Each structure stands twice: as structure tokens, then as C-alpha cells.
Amino acid sequence: MTPATRALRHLPFRRNLRDRRFQALAAALVLTLAALFAGPLPLTRSGVAVLAVVDITGSMNVRDYTLDGKPTSRLEIAKAALRRMVAELPCGSRVALALFTERRPFLLFTPIEVCADFAPLDGALAGIDWRMAWEGDSRVAAGLHRAIQMAGELDTDLLFVTDGQETPPLPSTGLPPFDGKPGAVRGLIAGAGAYGLSPIPKYNDRGREAGFYGETDVQQENRFGPPPADAESREGYNPRNAPFGASAAKGTEHLSSVREPHLKALAAQTGLAYAHLDGPDGLAPAFTAAATPRPLPGRIDPRPLLGGLALALALAAFLAGLLPARFLQTTRM
Amino acid sequence: MGAPFGSFGVATPWLLWLLPLALLPLLRSATRRTAISAVSAAPADPLSAAIGAVLTVSGILALAGLIVALAGPYRAGEHVTRTGIGAQVSMLIDRSGSMNETFAGRQPSGEEESKAAASRRILGAFVGERAHDQFAVTAFSTAPMLVVPMTDRRDAVRAAISAIDRPGLDYTNVARGLGMALSQFGPAAPGVSRALLLVSDGAAVIDPRIQAQLRAEFAKVRPNLYWLFLRTKGSPSIHDKPAGEDTPQAAPERHLDLFFKSLGVPYRAFEAEGAEAVAGAVRQIEALERDPIPYTEIRPRRDLTGYAYAAAAFGLLVLVLAKLAEADFLRQGPHASTERAAPVARHETPRSDAA
């Protein structure tokens, strides 16, 4: 019998096995080995699929936001908010982009993934310009109804960023009827703009800014369809020749603020949520709250948990030297 | 996130502030403490000292390995520039309302395919086949619209192309569309072949003032220009001279063709009167655009966490074995008093004394 084996035979194994520090180190070793060989665990996360529709009509050029101390237009804030939202959405979420002007959304691309295709998506959002508008009208209600239909076709939720300014103004009969099923497409209307009235910049045919719209530059009242109920009391009213009264309509349609009551009425009519766009931040949580969570295949890495526990145990084994000896031995079984 | 040491980095750098904790084994041992009257009574034992040092190093290795592993070490990915076959292709696609009609000029019914649907199918296949091309998509009707900037992400380009058979807009304003499609190329890169592919089913008069601007732009960018003209049956061809006055207003297609020919850039027009002809034209363009193009390949970053865990596991293994082999020095027992303590046990005496 060699001295080494003799020494081994007389080692107090039972006592060693009961040593708390041995147990801590052994557990740390097991956890570390588990971390070494553990693969990522599958798990289901929730992402979103969204059709983002951006209003690019003239009233979105109103500069009633402030960004870095400079007056910033609603469209710039909407673009910045969308770019931040795309960066914040979990990977696997998909975003399609459409522009709104006139009375319908125009689809630029079908949904693309927000992480792998981030660069083109971000570039497309950065490239949005009011000059892409193909007509000057801004029939927000009609545009929203068609956007809901488009989102349904694409099987996505809807994010509609607009200030709610109808050009021409809505007739006295109020909102156009909604043909779809309210709530079938979920999503959010984000109201852009400040609550106070601001002038709308005017651009010439070469796209350069040329002052602001005046009261007589825009239609102040929609005179299609039946006249409003109070028409009879108007000056110069004549049922045949002047059903809307004799004087020109006066109003504040040449100024713009976020039309929150109108947007809230639209949200109620179509079963969407409404949130005010306060700035470039915060669109992602607001939209995620309103959207349908879509299961995405995700993975979780168990290694930080295993490694963290192992580190705590190993540190405890070394720090235990500070404790009195009686705490370090389990009681005899 | 950062790579402070050359191409190496960690995912969560703040965790590295815990690294001084790894020096704990220098101060404290994980082995049992035994009271002894005088260390100097024991003779100097190099083997015990060596074992003690090994255990200290193992402890440091275990703790440091775990901390580094938690911080997530990696070797940074690289961008490698290589040369492939391809080109920068800027697609300018007509989204005017007439694109939703068939080649016969009717609303599509049954098996019939609209011009937009045919171009969607054929251009989608074109994008799918070419590995190293970069594409940009611009749409135009009354106004030009930037759809997707120049990118090598083909999923995004395909998503843009799959939107082109949606209902189109009003007019065909080709001049502003050409301007935006040219701006998609960005600053010139040496040795990159550039192609501008115009897909339209009509033409429009280009304002003479804008003509001069476009001419200057084309001279600067110098792309190969391809015009895929989706001709509706019975409508005038590019080459037809009008019966009356030969003005741009009377024959916009012919005059757009003449304008393109006068630009001084390589130019080809393809007149397609059906889906097969479109596919043939796209095949020809594909064959023509075969030039070397530098492209960037991203090598993914390599996760080194496994190595850190392996180091920690090795250190812990040594410690665990040492703990198993701990002997009771000077303990009153049946063996401890008779046997000479094993060298494994001897080392702990000075250490625990220090503790």
C-alpha cells in the first residue's frame, strides 16, 4: 500500500461531504457544467404585425411640436416616432407602410421584419415627404375606413398617424358610415399636433414654402349635401337659391390643431384605440397596448441564470471563511 | 456594448466591475480552518505550498471565469468586402391606375392578369435570383414616392414589389419619378455597375426645363437605362410616328424614347405586349447586367461564453476535489493521531492560519 492510497483511505469523506462549502462548490460546478452544455430554450414571445399609415396632407406640415428647441412639423415628429417604434419592437415583428392623402392609403410595401430588414425600413420611414402626396384633399374618415380594410387584407393591425383635419370639412351629416365590422381590425389612431390652433404653411408649385393659408384660401364649410339644421336662421337664407345662407362661411379651417373629438369619434366608430402623439417617444408601448399580440418563436438563454447561481455559490464558499466554524458543518445525521 | 480590446468585447460590460471579487481566494480559503499553536513549528513544505497556490489560482479562475461568462464575451463580427456579380438596380415603377388593367386594356377577369400583377410576378422573380444585387424601389404616379432605399435586403425589396399590384393612383408623371430614381444611387462607388429600370405602361411629356436637369443628373450618375414599356394592345408603339403633328403631346412614348436616346447613356427599350414578353425582357436585362460588384459580407460575432464557463468549471472541479480530499489535521480520532497527515491536508494549515 503506497502512502498516497493509505492517506486516501483515511480521509474523512463523510465529514467532507457534509461540509457546506463542499456542497456549495459542488453545486456551483454542476451549475457551471449545465451552463456549458445547455442550449437556448424555446419560448413564445409576443410581437406585433402592423400596417403603419402616415398622413402626409398639408396640415401635417404645421410646426407645432418642439424638438431639440426647434419648431418641428407634425410629419417630422410622426416619422421620428415611427422610427423609434420600429427600433423598439421585438424582433420578428413586421411592419408595412402606407401613405395617406386624398381619401385612401397607398401601400408602399407589404409587412417586413423589423430586425433583419431594419435598414431599408428605417430608410423608407426617413424618406417620407409631404411631396409624395398625389392630391390635396384630406378625407381622414374615408382614408381610415380604407386603411382598416387594407390592414384586414394584410392580416395586420393598424397604426394611423394623423391630425384629423378634414379637407374639405365634413358635411353637416357627420361621419360617413363605416361598412366594416368595428373591432375586427385592432389598432391605434395616433393624434398628431398640439391642442392650440396654428397656421398651416403653404407651398408653391416648386415645393418651396410661401407663407400660410388664409381664411379665404380654404373651404370653411362643406356645402355638398343637405344644409345644416340651423341654416334657416342664417342671414339671407333661401331654400332654393341660398340653402346655406347668403354670406360666405367663416371659420378656422385654415388653422390647425389636433382634432381630438373627431379622432375619438372615429376610434369609437371603428373599434380602434386613440392616443395623442406627445412627441417622438412612447409610440411603441401605446401601440403594443392596443394591438393584438402575435406569438413569435423566441429563445431564452438559460446560461446567465445558471452562471449567476454558480457565482453566488462559489463566492459564498470563499466568504464563508468569515463565519464561525459551527455554521459550516451540517449536523450529524 | 463595446469591443474595447481590439475585436473582443462583452455584451454587458458593467458586470466586469465584479472582477475584483475574483481575488477573494487570495484572502480567504474555502477549506476548513484548524487552530494550531504555531505555524513555525511545521517544517517548510514546498509541495504543500504548491498545492496551496494551485488551489488559490483555481479559486481565482473559477470566480473570474463565472464573472466573465456572465458578462458575455464575444469576438466581434467582421464586415468583409468581396466581389460578386451584380449591379445596383434602381427600379422606377409606374403606379398609375392604368397599370391595373390587362395588356388588352380591360379590367382583369378570371384568368387574366393585370399589367401590375404581371410585373409583380416577374420582377419578384428577378429580385429573387440575383444574389449580390442591390435594389432600390421608387414608385411614381402624380408624385414620385421613395418606397425602399438602395439595399441588399431582398425581403424588403420583395415586399415593396408585392405592393405594386394594389390599386394605383392618377397620372403618369415620369419626369419627377426619374429624378428620384436617380437620387437613389447615392454617391458614386468605384467599379459598381448601375442600372435604372423604368417599368411603365405609358409616358408623359417632360417639361423642357426639367429635361435639362435630368440630362445633367444622367450625365453625373451614368446608369444603364432600361425602359420596360408595357404596351396595351392597340395603343401606339414607341416607334410609331403619329399621323398628324409629331409633337411630344401627340406621341409622348416616342418622344420619351427619343429623349432617352439623346441622353448619351447606354439605353435599351423593351416593348412588351404580354407577360411572356415582359419575362423575356427581364431575362435580357439580367444577362446584360453582369458586372463585378463589391459587396459586404457580415461574419457573425463569435460567442466566447462557453470558453469562460469551461475555465470556471475547471477551477471549480479542482476546488471540489480538494474539498473532498480534505483531511483533519490534529483532530482527535482513531486515525488522525496514528497516521501521518497526507500532503493534501498539510497545505491548509498555513492557509487557514492566515485566514
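Cβ coordinates are placed from backbone N, Cα and C, and glycine is handled just like the others.
Here TrEMBL flags B:51-72 as transmembrane segment. The domain 'VWFA' annotation in TrEMBL covers B:88-202. Annotation comment: TrEMBL describes B:335-355 as region 'Disordered'. Residues or ranges marked as compositional bias 'Basic and acidic residues' by TrEMBL: B:345-355.
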Same-chain residues at least 6 beyond the ends of the transmembrane segment (B:51-72) whose Cβ lies under 8 Å from its Cβ atoms:
10-13, 15-16, 18-19, 21-26, 29-31, 303, 305, 308-316, 318-319, 322, 343-344, 347-348, 350-351
Looking only at the domain 'VWFA' (B:88-202), what is the mean pLDDT?
82
In the domain 'VWFA' (B:88-202), how many residues does DSSP call helix, how many strand, and how many coil?
37 helix, 33 strand, 45 coil
